[in-house]
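Going by Swiss-Prot, these are the annotated features:
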LIPID     2  N-myristoyl glycine
DOMAIN    32-354  domain 'G-alpha'
BINDING   42-48, 150-151, 175-181, 201, 203, 269-270, 272-273, 325-327  GTP binding site
BINDING   43-48, 151, 175-178, 269-270, 272, 325-326  GDP binding site
BINDING   47, 181  Mg(2+) binding site
REGION    173-181  region 'G2 motif'
REGION    265-272  region 'G4 motif'
MOD_RES   351  ADP-ribosylcysteine
């Protein structure tokens, strides 16, 4: 006699099939979802990488979004010129022309309007005269001795354009803005049939305790290092060299037991600034034992080795290193394409398909 299923049994089989199908779909979805954690010390370029993802994968910033950055551009410009003027007092540098002392006093009186997104012709004139001054330029050339925004010269050299009443920030202006990241900023985008979730975590020391719950199930970590930080100290601790701080943090991330299976991608960032700086500021400031030349290639390769040598699992764990300029969209696009290929390859390995 043939075996027939009762209605109840049939329903159970259908339920089982549906569960299997859902599990398979969930598995496929999980395989296509990529969680990227952006880590690195403060001001290493993490937030700029996030902005680039919006430009490359999400059609960039709309005109309305760009307009909202106007106040940040003005604030960054004002903060930069004020930082230089204050440093002149500390470094005992005089103005090239005595009349600039009056401009400096005016700057502090007029600065408030820029914080509201307005750059008056009077304020723009004051900043232009100060920026052209020989003493101000001498102080700017010693910016490693105090804290100064990387984009200072970018904005100050372009005051004629950004002080126009009808000024709307460009994509590049937006990329150059500096706002301290607090907490966790999450960005989503699709690329090469993968769904990316990127988490940008505040880099300053006070923010690091908030990172912990981001770590679980992460596909890859992109660790950003500012190459140009080799001769700078931390904003939070003037005794600590920024590059040494980055190495300490990278060591703790790279060798963490939670990240045994996690791909570690190292972005040695701000290569453009490093290439300029290494000509006049020797690498021995950071690495006294360094005996190589102060050429970009040799000095950059030495820093790369310092970081890669921190990996205590060389036999089983590879560090994928890229030299980047986070403000250069084409460079970031090229590098991120290579990063995605590594992620796809590693995903296939886990599935036994590579």
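Note that the numbers count up from 1, one per residue, in the order the chain is shown.
In case you wondered, yes, glycine gets a Cβ from its N, Cα and C as well.
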**Cβ contacts under 8 Å made by the region 'G4 motif' (265-272) with residues that lie 6+ beyond its boundaries** = 40, 44-45, 49, 150, 220-229, 250, 296, 300, 303-304, 307-308, 319-328, 335, 339, 342
**Item:** residue 43 (GDP binding site): nearby binding-site residues from 151, 178, 201, 272, Cα cut-off 10 Å
**Value:** 178
**Asked** What Cα-Cα separation, expressed in whole Å, is found between residue 327 (GTP binding site) and residue 47 (GDP binding site)?
**Response** 11
**Message:** Cα-Cα, whole number of Å: residue 270 (GDP binding site) versus residue 46 (GTP binding site)?
**Reply:** 11
**Item:** Length of the line joining the Cα atoms of residue 178 (GTP binding site) and residue 325 (GDP binding site), in Å
**Value:** 15
**Item:** Shortest C-alpha distance to residue 42 (GTP binding site) - which of the binding-site residues 176, 181, 325
**Value:** 181
**Prompt:** Hey, how far is residue 325 (GDP binding site) from residue 181 (Mg(2+) binding site), Cα to Cα, in Å?
**Reply:** 19
**Request:** For the region 'G4 motif' (265-272), jot down how many residues DSSP puts in helix, in strand and in coil.
**Result:** 2 helix, 5 strand, 1 coil
**Prompt:** Just counting, how many other CB atoms are there within 10 A of the CB of residue 178 (GTP binding site)?
**Reply:** 16
**Asked** On the 0 to 100 scale, where does the mean pLDDT of the domain 'G-alpha' (32-354) fall?
**Response** 91
**Message:** Can you tell me how many other Cβ atoms are located within 10 Å of the Cβ belonging to residue 181 (Mg(2+) binding site)?
**Reply:** 18
